[in-house]
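Novice: Just lifted these from Swiss-Prot, have a look:
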{"type": "ACT_SITE", "residues": "H321", "note": "active site, proton donor"}
{"type": "BINDING", "residues": "H135, H137, K218, D361", "note": "Ni(2+) 1 binding site"}
{"type": "BINDING", "residues": "K218, H247, H273", "note": "Ni(2+) 2 binding site"}
{"type": "BINDING", "residues": "H220", "note": "substrate binding site"}
{"type": "DOMAIN", "residues": "130-572", "note": "domain 'Urease'"}
{"type": "MOD_RES", "residues": "K218", "note": "N6-carboxylysine"}
Amino acid sequence: MTLKITRRAYAEMFGPTTGDRVRLADTDLIVEVERDYTIYGEEVKFGGGKVIRDGMGQSQRESKDCADTVITNALIIDHWGIVKADIGLKHGRIAAIGKAGNPDIQPGVTIVIGPGTEIIAGEGMIVTAGGVDTHIHFICPQQIDEALNSGVTTMIGGGTGPATGTYATTCTPGPWHLQRMLQAADAYPMNIGFLGKGNGSLPGALREQIDAGAIGLKLHEDWGSTPAAIDCCLGVADDTDTQVAIHTDTLNESGFVEATIAAFKGRTIHTYHTEGAGGGHAPDIIRVCGESNVLPSSTNPTRPFTVNTLDEHLDMLMVCHHLDASIAEDIAFAESRIRRETIAAEDILHDLGAFSMLSSDSQAMGRVGEVILRTWQTAHKMKAQRGKLAGDPNDARGGHDNFRVKRYVAKYTINPAITHGIAHEVGSIEVGKWADLVLWKPAFFGVKPSLILKGGMIASAAMGDANASIPTPQPVHYRPMFAAAGGALARSSLSFLSQSAAQAGVAERYGLAKTTAVVRGTRAVTKAQMIHNDWQPSITVDPETYQVVADGMLLTCEPAEVLPMAQRYFLF
């Protein structure tokens, strides 16, 4: 016997299905479900009088044949698709994406539910991969809570705490600091990788940092990003299969942008804040996003371009780079980095896929808890100003924005993971990867997640009063969960190491409790591997007006006066 119900009734019961559309938060972005992996009439749902009961949707099978956890009827948004499915987790990893249930009585089951299976209700929820923030100044450990509760589950960068060098540069310099920071990372429910200091013209002091556990090296102008240092650093990276990130020479002291590009010698490099307000050759560092070997990212204070963007940057610069407002040269240095024309162009270069990643620059001209939020604000602003992308349809119902959404979600998930050699572990919702997953109510998408899973276990959640009779009474705020406690923390999160450090037994020598994973495959990555974000335009910047032209097209847009995902979400 079959029962027909309306689409609305179905969506309210089991979540949206193929062809249904969902608005993301209060933006203009609409996604359409491309495929539903569940089977109509055989959906599983937990609760009184529902499906997942003994002998019904739950089988009698032992745990070895069943998922540890199933997220039911979830709307997955990832770079590879926007689909409805059940998600099975096993041993902290994603085991299957498909149809959950009891194969003894149900057809098409690919994820077995048994007595040993926990259920997370995904009906009406969106699931994304945990974010990967690759521009972290480890100034204070409290950043980790802020990042985790925003949906970021991996942090890559450098620092040693509130030291002057760390305020300005993402470097954990030298073997001693790397050892101590890796030991400190054991205490936090976050995947973490550290970058050593890459500014040196001889390889010895750089190589020893990789051997001590750094997963890459950071070149920063405050330490001297000279052509010699760039060349040496990239040579060490090639020898060790690690990545290099660079903040180039704003003052053009040791050469202009052409000299820096020449020093790259075609080798892969991750350019931080490639627009330049965060630092880099003034006024035309933005040119490098057209190079095939350059993997360009933005930091979030310029995302998106608004009426307030320019005003806040000067004070941020003075603090972060240890400048003195009484020195005219320091003021000139700061002002040279803040250009409305290149910031406006950055919006468009993101929308067209020339800028491949987005990160925070935490407490050093960026906000660690706003990577995801500002990514989607940028996507909204570009749709509002530029209309639909060529890859998105426009029909009688107004069409959808699936391609644009895939482009933007890739900027803080899979592309930074590919860039830093960790995409075999994290960065997407794919079978075999670490189960770092974020669940959102659509109305709060990109702003306030409901659950954050680390390694298949809930690490943080928006939770009500712990003394209440039910979980929902106020005050509801983010609270650490069991994956953030005791021995579970070490098994639920990763510390990333270089291959040479892993082979040398660094984890055992340092006494690390956390699960370790190695970075690999960084040196062969090119812009072409940046998913949905691989455009390589030829860019020129007018040295007088700062106007940006890409492949003959003038890139300009107005600053936003009002944004979604803003004050209405943060009244309490």
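We count from 1, first residue shown onward.
Just so it is clear, glycine is given a Cβ too, placed from its N, Cα and C backbone atoms.
Are these features on the surface or tucked inside, and what are their neighbours?
Specialist: Close to H321 (active site, proton donor) in the fold, though at least 6 residues off in sequence, lie A168, D222, G279, F333, A334, each with a CB less than 8 Å from its CB.
Over all protein chains present, the Cβ of K218 (Ni(2+) 1 binding site) has 31 other Cβ atoms lying within 10 Å.
In the three-state DSSP scheme, K218 (Ni(2+) 1 binding site) is classed as strand.
Neighbour list (H220 (substrate binding site), Cβ cut-off 8 Å, at least 6 residues apart, same chain): A168, T169, T170, C171, K197, G198, N199, I246, H247.
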Novice: Cα-Cα separation of K218 (Ni(2+) 1 binding site) and H273 (Ni(2+) 2 binding site), in Å?
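Specialist: That separation, Cα to Cα, works out to 13 Å.
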Novice: Can you tell which of H135, H137 has the least company, meaning the fewest other C-beta atoms within 10 angstroms of its C-beta, among these binding-site residues?
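Specialist: Counting other Cβ atoms within 10 Å of each of the binding-site residues H135, H137, the minimum falls on H137.
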Novice: For the Ni(2+) 2 site (K218, H247, H273), what does the 8 A shell look like? I mean other same-chain residues with CB within 8 A of the CB centroid.
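Specialist: Neighbours within 8 Å of the Cβ centroid, excluding K218, H247, H273: H135, T169, T170, L219, H220, A245, I246, T248, T271, Y272, G278, G279, G280.
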Novice: Given the binding-site residues H247, H273, and counting only Cβ atoms in the protein chains shown, which has the most within 10 Å of its Cβ?
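Specialist: In terms of Cβ crowding, the pick is H273.
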Novice: May I have the list of same-chain residues other than H135, H137, K218, D361 whose Cβ is within 8 Å of the Cβ centroid of the recorded Ni(2+) 1 site, in sequence order?
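Specialist: Sorted by sequence, the hits are I136, G157, G158, T169, T170, A245, H247, Y272, T299, S359, S360, S362, A364, G366.
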Novice: What is the separation, in Å, between the Cα atoms of H273 (Ni(2+) 2 binding site) and H135 (Ni(2+) 1 binding site)?
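Specialist: That separation, Cα to Cα, works out to 9 Å.
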